[in-house]
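Some features that Swiss-Prot has for this protein:
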BINDING   Gly79, Asn110  anthranilate 1 binding site
BINDING   Gly79, 82-83, Thr87, 89-92, 107-115, Ser119  5-phospho-alpha-D-ribose 1-diphosphate binding site
BINDING   Ser91, Glu224  Mg(2+) 1 binding site
BINDING   Arg165  anthranilate 2 binding site
BINDING   Asp223, Glu224  Mg(2+) 2 binding site
Amino acid sequence: MQTIINKLYEQQGLTQAESQQLFDQIIRGEMDPVLMAAVLTALKIKGETPDEIAGAAKALLANANPFPRPDYDFADIVGTGGDGSNTINISTTAAFVAAACGVKVAKHGNRGVSSKSGSSDLLSSFGINLAMSAQDSRQALDDLGVAFLFAPQYHGGVRHAMPVRQTMKTRTIFNILGPLINPARPNIELMGVYSKDLVRPIAQTMLQMGLKRAAVVHGSGLDEVAIHGETQVAEIRQGELIEYTLTPEDFGVSRYPLDAIRGGEPEENRAIITQILTGNGTAAQMAAVAVNVALLLRLFGQEDLKANTQQAIAVMKSGQAYGLVQQLAQRG
């Protein structure tokens, strides 16, 4: 272990196996907090590589509580948070809309990072049980096409790093690990990142983790596909990394200012999301959700973004997506 730590002090990159070994020790609570702070700082200053991120993610997944993984294709749609924009919960809303469009989504989330209301804050306000067992969540995924996995329930070991992270008061590798450690291990993922510099490295990390098809996006300051500007995309398709830029016009929607999709406290967000999921949101709110659903549907093989956007809007207007929220809440 000392050899691994010395490599970091010398600003050398770790192999995936070394990173996995290092984070295994952190997650098991076997590393002194002072040393942990030094390690996280050294990684941050050096800049985390895809090997290091993949190794850390594998360590967290290996130590996570198990989830009965389905053998069908299913996805996660998630952002790192931390983009400081306080927008409405786009990825959480998109998960229900995508499920209503006929694909399966197992969303892994936590309490708010950059918005006042993270995915789990919002779901709680709808009466959805965050403490649902793994078996019940799997059943919901089978029956409804959507399930929510609350991170602390599966990743107890992360608590060992919490005091250090809170004291450091800066972003560390843990801020980007959340979306990579879904315990259901989806084979498709749409992930938003808070910085355009992360788009390629995170996509390379996903390639190493064996995802079938995935896209990493940064939308003009947002950890989502943007409707106020361009979105940088790195997509994994058949083991290849393809990079491109998308504009709102590619989805057939107008451009809207960022202010048009600001969120609020969980209760305010609940009202906004209810409006969107019943087809009564503003044009900007509906478009913001629809473009993210559209790119997710592309990852399931529906290549036409404009048609996908229209499908998502039609599903919102039909009320089907809101019906799934209610059905998930009824499962207690």
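Any Cβ shown, glycine's included, is placed from N, Cα and C.
This view paints the features noted in Swiss-Prot onto the structure.
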| residue | record | DSSP class |
| --- | --- | --- |
| Gly79 | anthranilate 1 binding site | strand |
| Thr87 | 5-phospho-alpha-D-ribose 1-diphosphate binding site | strand |
| His108 | 5-phospho-alpha-D-ribose 1-diphosphate binding site | strand |
| Arg165 | anthranilate 2 binding site | helix |
| Asp223 | Mg(2+) 2 binding site | coil |
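A count of other CB atoms within 10 A of each Cβ picks out His108 as the most crowded of the binding-site residues His108, Arg111, Arg165. The two recorded residues, Gly79 (anthranilate 1 binding site) and Arg111 (5-phospho-alpha-D-ribose 1-diphosphate binding site), show a Cα separation of 12 Å. Note: the CA-CA distance between Thr87 (5-phospho-alpha-D-ribose 1-diphosphate binding site) and Arg165 (anthranilate 2 binding site) rounds to 24 Å. Ser91 (5-phospho-alpha-D-ribose 1-diphosphate binding site) has Glu224 as its nearest neighbour among the binding-site residues Asn110, Arg165, Glu224, going by CA to CA distance. Note on Asp223 (Mg(2+) 2 binding site): other Cβ atoms within 10 Å of its Cβ, all shown chains, come to 29. Contacts of Glu224 (Mg(2+) 1 binding site) defined by a Cβ separation under 8 A and a same-chain sequence distance of 6+ are given as Gly79, Thr87, Ile90, Ser91, Gly192, Val217, Ala288, Asn292, in order along the sequence.
Just so you know, of the binding-site residues Thr87, Ser91, Asn110, the Cβ with the fewest other Cβ atoms around it within 10 Å is the one at Asn110. Each residue contributes its Cα atom, and for Arg111 (5-phospho-alpha-D-ribose 1-diphosphate binding site) and the residue listed as 'anthranilate 2 binding site' those atoms are 16 Å apart. In this structure, the C-alpha atom of His108 (5-phospho-alpha-D-ribose 1-diphosphate binding site) lies 16 angstrom from that of Asp223 (Mg(2+) 2 binding site).
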